[in-house]
Amino acid sequence: MEAVQQNHSVCRGYCGVMLRSRSGGFFRRGFMLGNVEVILARPRGFCAGVERAVRTLESVASRYAGTREVYALHEIVHNLHVVNSFKKMGVKFVSALHEVPEGAVLVFSAHGVSQQIKEESRRKGLTVVDATCPLVTKVHLEIQRYDKSGYQVILVGHKGHREVEGSMGQVSNPVVLVQNVQDVQSIKTPSAAKLAYVTQTTLSMDDTAEIINALKLRFPQIVGPDLRDICYATQNRQTAVKAMSQMVDVVLAIGSKNSSNSNRLLDLAKAQNARAYLIDSYRNIDLEWLIGARRIGITAGASAPEILVQEVIDYLGLHANLKVRTMDGVSENITFKLPELD
């Protein structure tokens, strides 16, 4: 949005600052959207795994401030606000291990890494702090257990996602990646082979259930955890956004574009026929999205801090007479112990 001073002759004596939308329309600063009820999803925002990863990197950055360089392999969590905050603290984010000098401090992200990355880190003499979400670690252990027992492991997930890359690198044998029901029909393996599946933790429950059903139909002998690999926080946020989307005219899902779980929230809101938009922050909001909306729903992906939710509410309050309430939903009280620092 850019601020533009309106011509007094046009506005017949009143004026003030007008705001230009992305499509070129103008809106007066104030209550131009009228009375609007904002409904906040419960739960929303940080999950226990993200909270653990963020607090871990905070602790590491504080401990080694001014004495050793701190690196993080990939984004600690998939959220631009969080990553930029750590950059201001001096944390260096890298995309490959060769960018980390020998003897430095390295933090693994919440998404986990392959066994090869762990071994290379040891060879370089790095001080490693592993902030992998414990629920992702659980999937890693399942893959290792199935592989050791002679199963061909099938991973349901999104190609290129950091969590998927780390999970596929837990064993030396190939792991088959399945992204959709069509991929199930393309699996080349003997029909009587020992098969086991695991899933990425941040998938859509509905889509994953469909894929698992397709796997069981084609391979009746396949074993796996059903939907138990999809983390509790992902399930809770998806259930909440489904319910909330049926109450509102517009849904604002706060999260970065590379956040898998945030994108699933967006998809689910749209599936309920709500107008839905994924935003990194209030700066991405186009007021034209909200014209005619009497109820606006706000949710946030598991990597998005609550401050971003509050900033969106504050921004909407500049342009509407707001009433804010939180929907009924699950209260989360789970915490994960931080990794020990040497």
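Note that Cβ sites are derived from N, Cα and C of the backbone, with glycine treated the same way.
Because the structure is a prediction, the values reported are computed rather than measured.
Mapped onto three states, the DSSP output places CYS231 ([4Fe-4S] cluster binding site) in coil. All protein chains considered, the CB of CYS231 ([4Fe-4S] cluster binding site) has 25 other CB atoms within 10 Å. What Swiss-Prot records for CYS47, CYS133, CYS231 is [4Fe-4S] cluster binding site.
Among the features that Swiss-Prot reports, (2E)-4-hydroxy-3-methylbut-2-enyl diphosphate binding site is placed at HIS78, HIS111, HIS161, THR201, SER259, SER260, ASN261, SER303. Counting only same-chain residues six or more apart in sequence, the Cβ atoms lying under 8 angstroms from the Cβ of ASN261 ((2E)-4-hydroxy-3-methylbut-2-enyl diphosphate binding site) belong to THR202, ALA233, THR234, ARG237, GLY255, GLY301, ALA302, SER303. In the three-state DSSP scheme, ASN261 ((2E)-4-hydroxy-3-methylbut-2-enyl diphosphate binding site) is classed as helix.
In the shown protein chains, 28 other C-beta atoms lie within 10 A of the C-beta of HIS111 ((2E)-4-hydroxy-3-methylbut-2-enyl diphosphate binding site). For HIS78, HIS111, HIS161, SER259, SER260, ASN261, SER303, the entry in Swiss-Prot reads dimethylallyl diphosphate binding site, with the evidence type sequence analysis.
Sequence-distant neighbours of SER259 ((2E)-4-hydroxy-3-methylbut-2-enyl diphosphate binding site): residues of the same chain at least 6 apart with a C-beta under 8 Å from its C-beta are HIS78, ASN79, GLY301, ALA302, SER303, ALA304. Per Swiss-Prot, the feature isopentenyl diphosphate binding site maps to HIS78, HIS111, HIS161, SER259, SER260, ASN261, SER303.
Around the Cβ of GLU163 (active site, proton donor), a 10 Å sphere holds 25 further Cβ atoms from the protein chains shown. What Swiss-Prot records for GLU163 is active site, proton donor, and it gives sequence analysis as the kind of evidence.
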Shortest C-alpha distance to CYS231 ([4Fe-4S] cluster binding site) - which of the recorded positions HIS111, HIS161, GLU163, THR201, SER260: THR201
Which listed residue (HIS78, HIS161) has most other Cβ within 10 Å, given these are binding-site residues: HIS78
CB within-chain contacts under 8 A for CYS133 ([4Fe-4S] cluster binding site), separation at least 6: GLY49, VAL50, ARG52, ALA53, ALA110, HIS111, GLY112, THR201, CYS231, PHE336
Cβ neighbours of SER260 ((2E)-4-hydroxy-3-methylbut-2-enyl diphosphate binding site) where a neighbour is any other Cβ within 10 Å: 24
